[in-house]
Amino acid sequence: MNYTESSPLRESTAIGFTPELESIIPVPSNKTTCENWREIHHLVFHVANICFAVGLVIPTTLHLHMIFLRGMLTLGCTLYIVWATLYRCALDIMIWNSVFLGVNILHLSYLLYKKRPVKIEKELSGMYRRLFEPLRVPPDLFRRLTGQFCMIQTLKKGQTYAAEDKTSVDDRLSILLKGKMKVSYRGHFLHNIYPCAFIDSPEFRSTQMHKGEKFQVTIIADDNCRFLCWSRERLTYFLESEPFLYEIFRYLIGKDITNKLYSLNDPTLNDKKAKKLEHQLSLCTQISMLEMRNSIASSSDSDDGLHQFLRGTSSMSSLHVSSPHQRASAKMKPIEEGAEDDDDVFEPASPNTLKVHQLP
């Protein structure tokens, strides 16, 4: 009888009661020791590992990095299954790689679905290329924006979009898609609105601070017009859930207000000139256009301010802004030549003011 098979010490060691006695028990040689290396595996096995290696070294800066990675892993798992089935006859290797293959195929399908070309309506494609694509708004996000709580409406020539002191500014926000509109105040022309421009961006900015206001201008279709119209309330809720798109709208509305300010100062500004001004952003974007439109009438009792504004802008081809340095303070006297003492510039606040002179 073999000693290692009948010894009670061997049985207790196998059970785990006396592991400290293992050092004195002779251990048979390991039959699985790689004394003779087997032959190299089939070429399919090596190609599968090459696919794994290529997928792992793809740089993350590549645009389609994840798609290429999942594609190489899918190919590698497929080759592993072929090798395990035809050349190795290993059921466990085939099963595990089948699971990995399924996971990679699902993830690859999802990535391809996300990268699918999003079809934008032909009528909205011009607006997307002009306004949103330069700001890197994804097509799927633009489609969500234009596919919910908005509609395309039509106005015939001469029809009114907004009436002065009658139409509420809290209902909608619109972008002109086709045609031309003109804006007037008390029957006097102010400026035009061209395609891919907001119709009521000044009112949208003003209603963020004050609710329940009315249009202070009249907007009439000067041609057959089509425009995209959002519900103001639902658009606000949607932008709150999309911070990126919220900032995009702030920028676009600010730029549109700037263009309208240029148009107010130059009524001859046409669509081609307006396009050249799109890149010129200034502090005017922070001014409420509603206040700008109202400022042309300094008093509700007379139209002197309006006529003065119209006379000043009829022949104006560029902006003329008075320098703030030309405004004299009420507490300052004119500085005469040769005045060297700063105390002579300002009037004394009171006759009892004590002057302190520095000793030489």
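Each residue, glycine too, has its Cβ placed from N, Cα and C.
Features reported for this protein in Swiss-Prot:
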- 337-346: compositional bias 'Acidic residues' (COMPBIAS)
- 350-360: compositional bias 'Polar residues' (COMPBIAS)
- Asn2: N-linked glycosylation site (CARBOHYD)
- Asn30: N-linked glycosylation site (CARBOHYD)
- Ser295: phosphoserine (MOD_RES)
- Ser318: phosphoserine (MOD_RES)
- 136-186: region 'Required for interaction with KCNK2' (REGION)
- 317-360: region 'Disordered' (REGION)
- 1-48: topological domain 'Extracellular' (TOPO_DOM)
- 114-360: topological domain 'Cytoplasmic' (TOPO_DOM)
- 49-69: transmembrane segment (TRANSMEM)
- 71-91: transmembrane segment (TRANSMEM)
- 93-113: transmembrane segment (TRANSMEM)
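Per DSSP, the region 'Required for interaction with KCNK2' (136-186) is made up of 9 helix, 22 strand, 20 coil.
If you average pLDDT over the region 'Required for interaction with KCNK2' (136-186) in this model, you get 90.
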